[in-house]
Amino acid sequence: MEKYSKIEKLGEGTYGIVYKAKNRETGEIVALKRIRLDSEDEGVPCTAIREISLLKELKHPNIVRLHDVIHTERKLTLVFEYLDQDLKKYLDECGGEISKPTIKSFMYQLLKGVAFCHDHRVLHRDLKPQNLLINRKGELKLADFGLARAFGIPVRTYSHEVVTLWYRAPDVLMGSRKYSTPIDIWSAGCIFAEMASGRPLFPGSGTSDQLFRIFKILGTPNEESWPSITELPEYKTDFPVHPAHQLSSIVHGLDEKGLNLLSKMLQYDPNQRITAAAALKHPYFDGLEPIN
C-alpha cells in the first residue's frame, strides 16, 4: 500500500470504504476501494480474486478502469481510475433538470459500457446512479462491474444502509435464479426514466413494495405478458391487479422515440427486453454526436 498515499475519504460504498489517493510514483489520482470481508478469519476467497483479476481485462472508455488489485492477508484493495462525481450527485446538483442532449449522451455511453461487458459475459447486477461516474468532459463510466459476482450483493452496505432495490428487475425481485444480461437492461431503463423525469421511477421500500410500485405503473403482469412468471419462486396468484399506464403520462421529458426505447427496456419478460447492442441502434440515438 506504500505505493499510494490517501488524500481523503470519498464515502462508503456497497462493499467498503472508498478513498481518493495518489500514486506516489506517477502522481496519478486514483480511487481506492477497500473491500470489507465478512469472513475476517478466512481471508480473501480465491474465487473473488479470480473474478477480480478478470475485471482488469475489461478495457473500454465507458468502464471505470481497474488499475490494480492489492491483496494482503485479510484485506483486498481495488485501485480504480478516479472520476469527479457520480450520476446521483449530478442529478441532485441539477435539481433533476438534465438537458435532453445530455440525457441522450449519458444513455448512449451507459449502453456502450453495458454492451461491452455483456459481450464479455460480465453482468453488473447492481446498476444505479451511484455507480455511474462522470468526469468534467461529460464522459460517463460504469463502476463496480462484476463485483456482485465476486462478492455477492449484500443486503446492507458497509455503513449499514439498505442496498437500494429501486433499479432491480422484477424477475430478480421474484426470486429468479436464472437471470442474465436483461437484468442490467431493466436497471438502465429505470436510470433513463430518472434522468428524464428528475425522480426515481420505482422508489420502493422493500421487495413487496418495490414490485407493487412496478405493477401500479406497468400493470400487473400475467402469463400472457410474461409466460414464465408462474414458475418464479415469489410469484403469487393474489397479486393486486393494476392496469398499465402510458409511460408518457409518468415520464415527462422524453420524445416519442425515447419513450419507445424506454418501453423496450422495461419489458416484464426478460426474453422480450431489448439488448444493449440493439438499444444502441435505436432511432432515439440518430444524429447523436458521440463523445468517444
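Using N, Cα and C of the backbone, Cβ positions are placed for all residues, glycine too.
Swiss-Prot has this to say about the protein:
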type     : residues                                                             : note
DOMAIN   : 4-285                                                                : domain 'Protein kinase'
BINDING  : Leu10, Gly11, Glu12, Gly13, Thr14, Tyr15, Gly16, Ile17, Val18, Lys33 : ATP binding site
MOD_RES  : Thr14                                                                : phosphothreonine
MOD_RES  : Tyr15                                                                : phosphotyrosine
ACT_SITE : Asp126                                                               : active site, proton acceptor
Just going by other Cβ atoms within 10 Å, which of the binding-site residues Leu10, Val18 has the emptiest spot?
-> Leu10
Count of other CB atoms lying within 10 Å of the CB belonging to Thr14 (ATP binding site) | 25
Could you tally the C-beta atoms, other than its own, that fall within 10 angstroms of the C-beta of Gly16 (ATP binding site)?
-> 21
Rounding to whole Å, the Cα atoms of the residue listed as 'phosphotyrosine' and Asp126 (active site, proton acceptor) are apart by 12
Work out how many Å separate Asp126 (active site, proton acceptor) and Leu10 (ATP binding site) at their Cα atoms, rounded off.
-> 20
Lowest 10 Å Cβ neighbour count of the recorded positions Glu12, Tyr15, Asp126 is held by Glu12
Cα-Cα distance, maximum over Leu10, Gly11, Glu12, Gly13, Thr14, Tyr15, Gly16, Ile17, Val18, Lys33, record's ATP binders, Å = 13
In the domain 'Protein kinase' (4-285), averaged pLDDT is 91
